[in-house]
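If you check Swiss-Prot, you get these features:
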- His37: active site, proton donor (ACT_SITE)
- 30-37, 147-150, Val176, 184-187: ATP binding site (BINDING)
- Gln61, Gln153: (R)-pantoate binding site (BINDING)
- Gln61: beta-alanine binding site (BINDING)
Amino acid sequence: METISTIAALRERLAAYRRAGKSIGLVPTMGYLHAGHMELVSRARAENDIVVVSIFVNPLQFGANEDLAKYPRDLERDSAILRDGKVDFIFAPGVADMYPRPMETVVDVPKLGTELEGAVRPGHFAGVATVVTKLFNIVQPDSAYFGEKDYQQVAIIRRMVEDLAQPVRVVPVPTVRDADGLALSSRNVYLSTEQRAAAVIVPKALAEAERLYNEGADDPIAFEAALRDFIASEPFATPEVTAVRHPDTLEPLTNLQGQPILVALFVRIGATRLLDNRVVGRKQASSDKAA
């Protein structure tokens with residue numbers, strides 16, 4: 001495994017593999033890796049000759065009052081984890097290498113990017129789309145791997161790839177969860193013991209959503225209100241987004257029954273924002289995995 005910090009060096013190393021016809025898989029991350037990330041790595045390893053994991057805390061996707069400065073960083077720890085995952089390259093650039101000058105060019109998918117999480121984090125998904133495009137340009141992967149926990153992000157990247165004819169296969173990978181159902185996230189480290197116990201309200205709310213749907217709930221406004229009340233019953237929890245949408249377009253629905261629906265939650269536990277989602281009403285069972 002080799003760790004590379006500059007764009008030029010990574011391009012040079014990958015060019016030889018590309019000339020030899022080797023397939024390249026990219027797992028973009030912001031580091032502080034957990035079992036969810038390693039599920040992405042495992043999928044990439046199974047499907048590609050060469051696996052690149054990028055570790056870059058992207059300032060473009062953080063708002064003015066968000067957690068850029070305190071976002072957990074530990075490259076030594078991450079490197080040890082990735083070595084066990086048989087990764088070929090870690091790409092760990094600095095901000096000055098990725099953004100040597102203030103960015104004048106921004107990639108935006110405005111219709112998808114201003115809904116749901118984008119409504120409470122303006123500019124976030126433009127920052128995501130911009131850095132992912134830049135990583136695609138640098139690595140030129142055949143396939144790129146993203147967690148389904150970030151459902152909206154996957155939808156945006158898929159649309160971006162389609163609209164811009166980027167030659168990359170976008171591969172969504174099922175969410176990995178702790179034993180109590182909480183989706184793994186690098187931000188879970190922010191939670192105190194009490195807050196971590198309270199955070200289980202998020203997966204419980206998804207289970208409640210499935211129960212309501214299976215019992216025939218059809219009015220999206222009442223459905224969303226019921227989920228807000230359910231989450232708010234936990235004193236540590238503040239529901240910021242409780243939404244039901246079309247799972248492909250993310251558009252609002254006028255009724256729920258007779259179709260699969262996306263339930264999207266964005267919940268603040270103390271000062272920490274957690275997001276989660278579930279597609280309800282599809283015939284196949286959930287593909288989420290336990291850690």
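Keep in mind that glycine also has a Cβ here, set from the backbone N, Cα and C atoms.
All features noted in Swiss-Prot, drawn onto the structure.
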{"residue": "Met30", "record": "ATP binding site", "DSSP class": "coil"}
{"residue": "Gly36", "record": "ATP binding site", "DSSP class": "helix"}
{"residue": "Gln61", "record": "(R)-pantoate binding site", "DSSP class": "helix"}
{"residue": "Glu148", "record": "ATP binding site", "DSSP class": "helix"}
{"residue": "Gln153", "record": "(R)-pantoate binding site", "DSSP class": "helix"}
{"residue": "Val176", "record": "ATP binding site", "DSSP class": "strand"}
{"residue": "Ser186", "record": "ATP binding site", "DSSP class": "helix"}
Quiz item: If you measure C-alpha to C-alpha, which of His37, Gln61, Gln153 (recorded positions) come within 10 angstroms of Val176 (ATP binding site)?
Solution: His37
Self-check item: Fewest Cβ neighbours within 10 Å, where candidates are the binding-site residues Gln61, Gln153, Ser186
Solution: Ser186
Exercise. List the Cα distance (Å, whole number) between Glu148 (ATP binding site) and His37 (active site, proton donor).
Key: 11
Exercise. Would you count the other CB atoms within 10 A of the CB of the residue listed as 'active site, proton donor', including those on all shown protein chains?
Key: 26
Exercise. Sort the recorded positions His37, Gln61, Gln153 by C-alpha distance from Ser186 (ATP binding site) and give me just the closest.
Key: His37
Exercise. Measuring Cα to Cα, tell me the gap between Leu33 (ATP binding site) and Gln153 ((R)-pantoate binding site) in whole angstrom.
Key: 18
Practice problem: Take the C-alpha atoms of the residue listed as 'active site, proton donor' and Met30 (ATP binding site) and report the distance between them in angstrom, rounded. | Solution: 10
Practice problem: Using a 10 angstroms cut-off on Cβ to Cβ distances, just flag whichever of Met30, Leu33, Val176 is the loneliest among these binding-site residues. | Solution: Met30
Exercise. Give me the Cα-Cα distance between Met30 (ATP binding site) and Gln61 ((R)-pantoate binding site), rounded to a whole Å.
Key: 11
